[in-house]
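Positions annotated as transmembrane segment by TrEMBL: 43-68, 74-92, 172-195, 215-236. Residues or ranges marked as domain 'Palmitoyltransferase DHHC' in TrEMBL: 129-255.
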Amino acid sequence: TMQSSGHRFRDVEHHPLLAENDSYDSSSSEADMAERVWFIRDGCGMVCAIMTWLLVVYADFVVTFVMLLPSKDFWYSVINGVLFNCLAVLALSSHLRTMLTDPGAVPKGNATKEYMDNLQLKPGEVIYKCPKCCSIKPERAHHCSICKRCIRKMDHHCPWVNNCVGEKNQRFFVLFTMYIALISAHALILCGFQFFSCVRGQWTECSDFSPPVTVILMIFLCLEGFLFLTFTAVMFGTQIHSICNDETEIERLKSEKPTWERRLRWEGMKSVFGGQPSLLWINPFAGFRIRRLLLRGKKGGPEFSV
């Protein structure tokens, strides 16, 4: 514990304060930081993210070219094709926004005397510093060893989206799990109808592919659909439960006693998804601005990449 400017500065480990001439610029605001692209350069995470996209593309290929296009029922093909591809676009868009959205990172290296003086803390008030990223640690923030940052309301780090799930991108992660669960269930239902149709027609004119290839492609799709449906449905339920209880997964696993006033269930949902219940809650494009993204690119690329 150190005495500084009338308040106490507490750390888990012994670590010197940053000097005033270190890399942190106290004049940079969070508004400026939000204008820059967030991307984590983690090899495992990038591989998992690419695999996610490839598996969705594989499912779309099998559904479209193996099951729907060869079908003689025009409206069956059109309706299911449009529905499946819309769900696929929504799922991948939610994945992108989860991956490229700042999850709520605390400014790195802001534990300077100048910055603490600007906080205007009460005498004797205790604040905490993260010894790993040299930042003042807000309540309910945790340090991610992969992102190398403290994340506000960090729930967990998910390699499938190559990012932490935190205060600012939890909504997109919930949408991602929901749409992947829906697309997986839809694929399994279509596989069931296709197998029934092929067996009833003795595999004649069942698909443009040969019967062995059709069976192999559909079996792989069924396995993928079952695994993804199970995983994402459980994750979706867990996330909704955490939001309603106003408790992150890390807080639950560590059995941390809440020092904050917990929100009511609907208040927690409105805090994560924004405003009153509406179709915007399930729209991953809400708040997205192409012009802002282009301006970010001109400002120098991924400021927060690590």
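Glycine is no exception: its Cβ is also placed from the backbone N, Cα and C atoms.
Tertiary neighbourhood of the transmembrane segment (74-92): same-chain residues 53, 56, 59-60, 63-64, 68, 175-176, 179-180, 182-183, 186-187, 190, 284, selected by CB-CB distance under 8 Å and a gap of 6+ residues from either end. Residues of the same chain lying 6 or more positions beyond the ends of the transmembrane segment (43-68) and with a Cβ under 8 Å from any Cβ of it are 76-77, 80-81, 84-85, 88, 91-92, 95, 99, 146, 159-163, 180, 183-184, 187, 190-191, 194, 207-209, 214, 217-218, 220-221, 224-225, 228. Here the domain 'Palmitoyltransferase DHHC' (129-255) has a mean pLDDT of 90 out of 100.
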